[in-house]
Amino acid sequence: MAERPLNKEEIILGEKEHPYRKRRIGAFVFLLISIVFVSLYSVITGSVKLNLQEVWEGITGTKDSMLHTIVWDLRLPRTIVGIIVGMCLAVSGTIMQGVMKNPLADPGIIGVSSGAALMAVIITILLPKYILLLPIAAFIGGFLTAMLIYALAWQGGASVERIILVGVAVNAVIGASMSAIMLLYSDRVQAVLPWMAGVIGSATMDQAKLLLTYGIPALILSLFAIKHIRILHLGDDVAKLLGHHVERSRFFLIVVSTLLAGIAVSVSGLIGFIGLVIPHILRMIVGNDDRFVLPLSALGGGMFLVLADTIARSWFDPIELPVGLLLSFLGGPFFLYILHKRGKMRAFS
Amino acid sequence: MLLVNDLSYRHSESFALEEINLEIKRGEIISLIGPNGSGKSTLLRIISHLLKPMVGTVLLDGKEIQTLGRKALARKLAMLPQIQNHTIDITVRELVEFGRNPHKRWFQSLDGEDERIIQWALEVTNLQAYEYRFLQSLSGGERQRAWIAMAIAQRPDILLLDEPTTYLDIAHQLEVMELVQMLNEQFGMTIVMVLHDINQAAQYSDRIVALKDGHIRYDGDTKKVICKVMFQEIFDIDVEIYYDRHKPFFVPIRKKQDFVVSP
């Protein structure tokens, strides 16, 4: 293990509390406050600017008022979907990075998202009757893809380089299948096109409610992942020696992260890079400890997606940019930046 | 307390452990020595249930370790594998907390008893001042002590160490060996370790087991095993044995002369 020069706070001996305690508390407070403000900002922003009082009237007012339509039917679902999808994606990325022990793991990059997307395209175009099963189908598609990639990359261990390379190949096949389906059924393709670019704009209150019923339990389940990730980080040998069932928890973690990615994809389509960017920034701030990175990622991911979506729909007037598109524009370069910095960084050196 | 019966393990064509029989008594310090690839680390990994033997059994207090369950085993047996690579930002205290894992159900959190044991482990390894320091900010010797603190927080009867002094400078090596000796003398912990430095093995252990090509070739009191013939057979070297304060130590002379070249 390479020695690293000590920084100032570490030289002082006999600390009485965790050196990152203050910034961890700070990060929680900051994200909690900002998620509230960003949500309000997204509700008041749009072609019709609202003030807080009008928002309140929209929520409490009569069903057929215009304010109610704007707030309850258009803006609020969008904000709720943004928060939950952002949370699911960021937490999914956090867990995948933990299982793979690599900061570049992300449902989009690994190919889990496209597997989920393929199933969603099949349901939407070929079997629209079963649209309510979309989240489950997306989960199954994502899970099968994750397992396939894991199995194909396995060579006495699955290095992330192999996983990414296998992911590229599997992604190509899945992408071609999606294109084929869309070509063959070009009359029905309108339903999925915006979804391919990643949108949360068309969300209805019913969709938001459906997402809440799937997403909240999955997010609560993800809290149980923390302990497993931390112990796996000690290495398989040490984890086993501490009485831990390594294979069991790795399977559990893959299931949970795929579930979260599948839920997100089923609602919002292909929104990339949140699972990569948010945990990464948080690790730099609060240290690489998933007890903090995972819940903070949830807050950060929800906040960030709502913020990005609000920007994507209001700053480029009159075009409403799909938020997935905007994030890919930002996320691609960020990914390269991490690749460049990797190895220099303590957290994953 | 620990019994290895007729154990065999094949890893590849070229490497196998065969017919290993070993009895480890309570309170002993045993060192496993042997050349690279002789199977000493593999034996340690089988005893700690990281590898499954193909034939034979490992009994701990009369019970087969396979049937014991990982957690139950971890309450009695702790092991420090060779190199600990990890990427999380973890403080010494958090690492030691992991040592309580085998004593906890998945939903249980640490209680006063755990806290007492954690403090004890930090005290014994002299790491109290480092409780809230990041592991990565410690020196190699301190870090090794932190891992030992985690292992003893399991409150094991038996502690296995795989080359605990490798990569450490000499002062830190002695520090670790003295810590191990103290754990044995004061807390009655049985110690089994793989050591590369045979002089260290000779100085600190009651008994030495020498392996070569997957077989145990020597097993006995340190003074009996540390002899010229052993070095010739196991390591193919000629040595001189000296005694200092009743402990043997060796000085290598040359590579063993297999045949004489006439001038």
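Cβ atoms here come from the backbone N, Cα and C positions, even for glycine.
Just so you know, TrEMBL annotations are computer predictions that nobody has curated.
Among the features that TrEMBL reports, transmembrane segment is placed at A:25-44 (among others).
Look at TrEMBL and you will find A:76-96 (among others) tagged as transmembrane segment.
What TrEMBL lists as transmembrane segment is A:108-127 (among others).
As annotated by TrEMBL, transmembrane segment applies to A:133-152 (among others). Long-range contacts of the transmembrane segment (A:133-152) within the same chain: residues 107, 110-120, 122-124, 158, 163, 166-167, 170, 174, 210, 214, 254-255, 258-259, 261-263, 265-267, each at least 6 residues beyond the stretch ends and with a Cβ under 8 Å from a Cβ of the stretch.
Residues or ranges marked as transmembrane segment in TrEMBL: A:164-183 (among others).
With a threshold of 8 Å between CB atoms, the same-chain residues lying at least 6 positions outside the transmembrane segment (A:212-231) that come near it are 80, 84-85, 87-88, 91, 95, 98-99, 135, 239, 242, 244, 249, 252-253, 256-257, 259-260, 263, 289-291, 294-295, 298. The feature transmembrane segment is assigned by TrEMBL to A:212-231 (among others).
Remote same-chain partners of the transmembrane segment (A:251-280), defined as residues 6 or more beyond its termini with a Cβ less than 8 Å from a stretch Cβ, comprise 81, 84-86, 88-99, 103-104, 106-109, 112-114, 116-117, 120, 134-143, 146-147, 150, 192, 194-200, 203, 207, 210-211, 214-215, 218-219, 221-222, 224-225, 228-229, 232, 293, 297, 300-301, 304-305, 323-324, 327-328, 330-332, 334-335, 338. Taken from TrEMBL, the feature transmembrane segment covers A:251-280 (among others).
Look at TrEMBL and you will find A:321-339 (among others) tagged as transmembrane segment. Note on the transmembrane segment (A:321-339): residues 82, 103-104, 109, 194, 197-201, 268-274, 276-277, 280, 305, 308-309, 311-313 of its chain, located 6 or more positions outside it, place their CB under 8 angstroms from a CB of the stretch.
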For the transmembrane segment (A:108-127), sequence-distant contacts whose Cβ falls under 8 Å of one of its Cβ atoms, 6 or more beyond its ends: 92, 96, 100, 133-134, 137-146, 148-149, 163-164, 167, 170-171, 174-175, 177-178, 181-182, 185, 188-189, 191-192, 195-196, 257-258, 261-262, 265-266, 269-273, 275-276, 335
Tertiary contacts of the transmembrane segment (A:76-96) (same chain, 6+ residues out, Cβ under 8 Å): 35, 39, 42-43, 59, 105-107, 110, 112, 200-201, 203-205, 207-208, 211-212, 215-216, 218-219, 222, 225, 229, 253, 256-258, 260-261, 263-264, 267-268, 271, 274-276, 278-279, 290, 293-294, 297-306, 309, 323
